[in-house]
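Enquirer: There's a structure below that I have some questions on.
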């Protein structure tokens, strides 16, 4: 069993801490200063220091919490400091004066700013033996005694009390390590024991807070505790012999961290927002503010109280609100909230712990912003009692007046938005009032046309309201009602026909000049004397005319119900009525003539072509009648054959099947194949009836056993129409013109070709030495030409000295050529035929000449030409002496030129 001796001494640190907290609370809170809060840290140790033994904790004040600090020791061989500020022994050594004092450095990792603090270690004083014994008896926890039972097993001695927890105040100032209690076993008299503790705070995170001397069993705390981090530590103490064998069962040690008032209350929000309607009664709930305190809520340190420090503005009362000091509920305590006077209140709220003690409590403040919301306590009022406007007649969607109002309520809220209504002066609903969402003005608009001739002025009574009803007890003043006077302006209106359309019934076939009706228009402008004139706007068949003054409509052609311009027996014509107002206006009217049918169309046979066999059997021809008239001037029809020619009734017979159909058959046993025109008399049922002889073209053909014609030809019309004949003639004429133009063009091209040939071949042309070089075709002949053998004379050499070699195909042969007599004169230019014949004769008489009229290749001629330079040519009139004998070497093409310049006097 364990026991605790000297409880009063154990409570001394707690009482000292409470006294210290009271002094701090009374003195206020000092400003935070970064660095070590102490100038010197002290620790009292025993003679021997073991490796890894925690010695003390140096606390660094990090105000903003953002600094990353690393610690160093001035004696790194003996002491080290972890990141939490706990100082450990690096090695085991006996504590002496040389280790009594050293420095601890703290350096900011980012800014490299550095702080230092001194650490002083002192030896535990050597107390007399009696004093040690007394001290050990006072602060000991003894392991429970164990009795040996008869069976050899240990049995714990029963006790009627348990080990009470150790109460340790947070934020103790030390010195550290601070001794708490001594743990010992009754068996230490006979055995050499070693003590240890386990659990969170010892060998489990956070490690190193509690340490125990393994020899003496002295349990100590190495640093200040923080209840807000860990409120209770649960440790287990162990006792083993030097061999590590357990000699006592572990005992539980509970250390409670006593709360100190070291945390100020903190509001959840620094600014709180709330609303309250204007005109609220006292006691109206507004909002709730809340603060929290990290201290123990079951003690005075965590019990908060609220109060209002100030109110701004202080009108109409400096105490418009109050706060529940325990819950933080803010309520109204005075009447007179008016948004139009004060729209917002700002309250400074204070929360204080220790139940609001002004002496020992810590406090904090926040701001409560209370907005006074609007209610509809101000009706809209017109800025004037009367408004005026004007509008042209027959205009709609026109704003005629702008109504302005004032409202003291909050803009653009239902209590401010105006709604206008017309309470009188508009029984037919011709006006409406819309609200401008931006300006809140009322826009009086015309929604139905107004006729000046009916109403010249309107006096409207209008009222203005809000979208929500007025607050209770508030009435609409007279300023919420006004009058609007609207003047209607007369404008020139369109004349109008009445009725429109106008329908009349007339029989077709009326002769031209018949007066049908009078179609006049009315002018709605009764107060504007004006004249109206009429014109025809649409008359598809051009049957009608209208008198421009009186509007009488007369026919100018025969009305025909069967006209394509008549739809469903109705003919539509449109007329225009125009006045002489400023500006002139016009209106249109439609006259619908319902044409009654008369029997003016004779029936016709349908179909107009048919075919039948040479014998009466096996088929017949079914026919019917087409009549453009309608009942009763159409069917039933009567079908008959004429008496003349007599062959009709002799060859054919017709049988009436019903009122619309009849059957045509051969009367004789055989009729030769061919095309026959059979006249048929068809009579309708009109009054009087109308008859017509209609021709049916019948093709009589040979038939097979099924009664089908074996001929493939069909009935073709006996003749062509005039239009077809004209078209065919035009096509023939166009083709003839095209052929004639082609022939003329061919003849002209032949003449041009002959003229070009004359410029090259004739003997009397002085330009025969000009050749055409635009064709440069060629093959292997010009590629194999030996260019080294080309003659390049600067002057024409005699034939005798010309070297023999490869010659050009167009060069005159070396051997002698026949000489032709020189003609005295060139033929007459007009005698083209003789000129050509003479040229042909001269060419044919030269048996040695190659075919010089063939296509030659002139793609390459060496560095010079046998013709020499043309710039050396001079006429005989120049008087220069020239040698033209070389012209004789150019062949028969240039014989005429050689005769002219080198052949004698001519």
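Yeah, the Cβs are placed from backbone N, Cα and C, and that goes for glycine too.
For reference, Swiss-Prot lists these features for the protein:
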SIGNAL    1-25  signal peptide
BINDING   170, 226, 228, 262  Ca(2+) 1 binding site
CARBOHYD  190  N-linked glycosylation site
BINDING   261, 263, 293, 301, 353  Ca(2+) 3 binding site
DOMAIN    268-382  domain 'Cadherin 2'
CARBOHYD  273  N-linked glycosylation site
CARBOHYD  325  N-linked glycosylation site
CARBOHYD  402  N-linked glycosylation site
CARBOHYD  572  N-linked glycosylation site
CARBOHYD  622  N-linked glycosylation site
CARBOHYD  651  N-linked glycosylation site
CARBOHYD  692  N-linked glycosylation site
TRANSMEM  725-745  transmembrane segment
TOPO_DOM  746-906  topological domain 'Cytoplasmic'
Enquirer: Just the number: how many Å between the Cα atoms of residue 622 (N-linked glycosylation site) and residue 651 (N-linked glycosylation site)?
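Expert: That separation, Cα to Cα, works out to 17 Å.
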Enquirer: Can you figure out which of 170, 228, 273, 651 (the recorded positions) comes closest in space to residue 293 (Ca(2+) 3 binding site), comparing Cα atoms?
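Expert: Result for residue 293 (Ca(2+) 3 binding site): the nearest of the recorded positions is 228.
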Enquirer: On the 0 to 100 pLDDT scale, where does the topological domain 'Cytoplasmic' (746-906) sit on average?
Expert: 58
Enquirer: Just the number: how many Å between the Cα atoms of residue 263 (Ca(2+) 3 binding site) and residue 651 (N-linked glycosylation site)?
Expert: 138
Enquirer: Using C-alpha atoms, which one of the recorded positions 190, 353, 651 comes nearest to residue 226 (Ca(2+) 1 binding site)?
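Expert: That would be 353, the closest of 190, 353, 651 to residue 226 (Ca(2+) 1 binding site).
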Enquirer: Among all the protein chains here, how many other CB atoms are within 10 A of the CB of residue 170 (Ca(2+) 1 binding site)?
Expert: 20
Enquirer: Within 8 Å of the centroid of the Cβ atoms of 170, 226, 228, 262, which other residues of that chain place their own Cβ, given that this set defines the recorded Ca(2+) 1 site?
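Expert: Other same-chain residues with Cβ inside the cutoff are 171, 225, 227, 229, 257, 259, 260, 263, 294, 295.
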Enquirer: Please state whether DSSP places residue 651 (N-linked glycosylation site) in a helix, a strand or coil.
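Expert: The residue in question, residue 651 (N-linked glycosylation site), is helix (DSSP, three-state).
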Enquirer: If you count the other Cβ atoms within 10 Å of each Cβ, which of the binding-site residues 226, 262, 293, 353 comes out on top?
Expert: 353
Enquirer: Determine how many residues of the domain 'Cadherin 2' (268-382) DSSP places in helix, in strand and in coil.
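Expert: Counting residues per DSSP class in the domain 'Cadherin 2' (268-382), I get 6 helix, 50 strand, 59 coil.
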Enquirer: Quick one: give me the count of other CB atoms within 10 A of the CB of residue 402 (N-linked glycosylation site).
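Expert: By my count, 13.
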Enquirer: Cα distance, residue 261 (Ca(2+) 3 binding site) to residue 170 (Ca(2+) 1 binding site), nearest Å?
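Expert: Rounded to the nearest whole number, the Cα-Cα distance is 10 Å.
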Enquirer: Can you tell me how far the Cα of residue 325 (N-linked glycosylation site) sits from the Cα of residue 262 (Ca(2+) 1 binding site), in Å?
Expert: 22
